[in-house]
């Protein structure tokens with residue numbers, strides 16, 4: 001067989017192994033996000049934000065495809081370094097980070113700001129996947145200690161939503177491993193026992209959000225964002241008012257509707273059908289991740305797909321839930337749709353890794 005024919009065969013095999021469905025869903029979320037942000041910032045001082053969003057989509061897409069060409073060994077080798085670098089960046093944020101709206105969560109790099117806590121979620125999933133697949137108890141206890149410290153650092157920013165996610169990622173991995181049953185039971189018991197104390201030491205606005213969620217009519221100031229979001233979604237009905245034609249959106253009546261409450265814009269302009277379509281898109285992504293979990297030969301990738309599925313599910317459930325008033329407001333964005341560069345790049349890397357893992361497993365299967 002000639003060299004040209006060999007290269008043609010290799011090229012065809014790459015096309016066969018490529019994970020098209022997840023990649024198409026990744027692109028679809030970017031398209032939805034761009035137009036949703038464009039609509040949500042119309043007639044506001046944020047008009048033009050979609051151009052910044054587009055820039056991060058381009059960076060995210062480049063990151064997505066870079067991951068596909070990195071050797072698996074290189075990815076696994078870089079995981080510990082990435083994890084510890086991000087841990088130290090969490091410390092740096094509290095010292096030299098930029099303070100916005102009373103929170104210190106960003107490190108400025110030129111005209112852009114990065115949010116280390118967003119990237120840390122992915123690095124934690126990767127490092128726990130590596131440590132548990134290597135069956136290293138010493139490294140597991142080390143990463144557990146750093147996870148607790150990181151959760152504390154993120155809480156001090158303050159960012160309660162991300163703090164809870166970090167703790168839950170650790171808990172999910174510990175539970176799935178089946179190796180530390182006594183430990184996770186102790187942590188679960190302590191968490192339940194200390195919950196009242198945690199409520200008392202929260203920031204006033206964090207405590208207010210929980211109270212506003214429980215008693216929205218009595219504490220309307222704390223539940224204002226959610227109430228406005230529900231009104232916007234309700235006004236959309238089944239089919240919506242039409243793109244860029246939402247009264248609540250155009251009147252800027254829903255605060256933060258380009259970030260945490262962007263689903264209210266989609267609900268108002270595209271109705272129940274629009275929201276259902278978004279949920280179904282995420283369902284398809286989680287289904288593909290579950291398929292990746294089932295087809296994985298490497299235990300590392302099994303852990304990764306489990307962690308990635310949980311992260312996306314929780315983000316979507318919490319974000320849409322707080323927009324509908326069935327979950328408290330925690331400031332958790334809608335993956336790949338809400339405005340925010342760090343979140344976009346994090347999920348681009350996560351989905352790129354998911355596609356990479358599927359390609360590797362298809363290669364082994366062949």
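The backbone N, Cα and C atoms fix where each Cβ goes, glycine too.
According to TrEMBL, the protein carries these features:
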- 20-37: transmembrane segment (TRANSMEM)
- 53-70: transmembrane segment (TRANSMEM)
- 77-97: transmembrane segment (TRANSMEM)
- 109-128: transmembrane segment (TRANSMEM)
- 140-156: transmembrane segment (TRANSMEM)
- 183-202: transmembrane segment (TRANSMEM)
- 261-287: transmembrane segment (TRANSMEM)
- 299-317: transmembrane segment (TRANSMEM)
- 337-355: transmembrane segment (TRANSMEM)
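Sequence-remote contacts of a segment are chain residues at least 6 beyond its ends whose Cβ falls under 8 Å from one of its Cβ atoms, and for the transmembrane segment (337-355) they are 18-19, 22-23, 26, 29, 32-33, 36-37, 40, 49, 52-53, 55-57, 59-61, 63-68, 75, 112-116, 118-119, 121-122, 125-126, 258-260, 262-263, 278, 285, 288-289, 292, 304-305, 308, 311-312, 319. Against the transmembrane segment (77-97), stretch 109-128 has more CB pairs under 8 A than any other of 109-128, 140-156, 261-287.
Tallying C-beta pairs under 8 angstroms between the transmembrane segment (20-37) and each of 109-128, 140-156, 261-287, 299-317 places 261-287 first. Listed by sequence, the residues of this chain that lie at least six past the ends of the transmembrane segment (109-128) yet keep a Cβ under 8 A from its Cβ atoms are 79-80, 82-83, 86-87, 89-90, 92-93, 98, 143, 147, 150, 154, 157, 159, 162, 165-166, 169-170, 173, 303-304, 307-308, 311, 340-343, 345-346, 349-350, 353.
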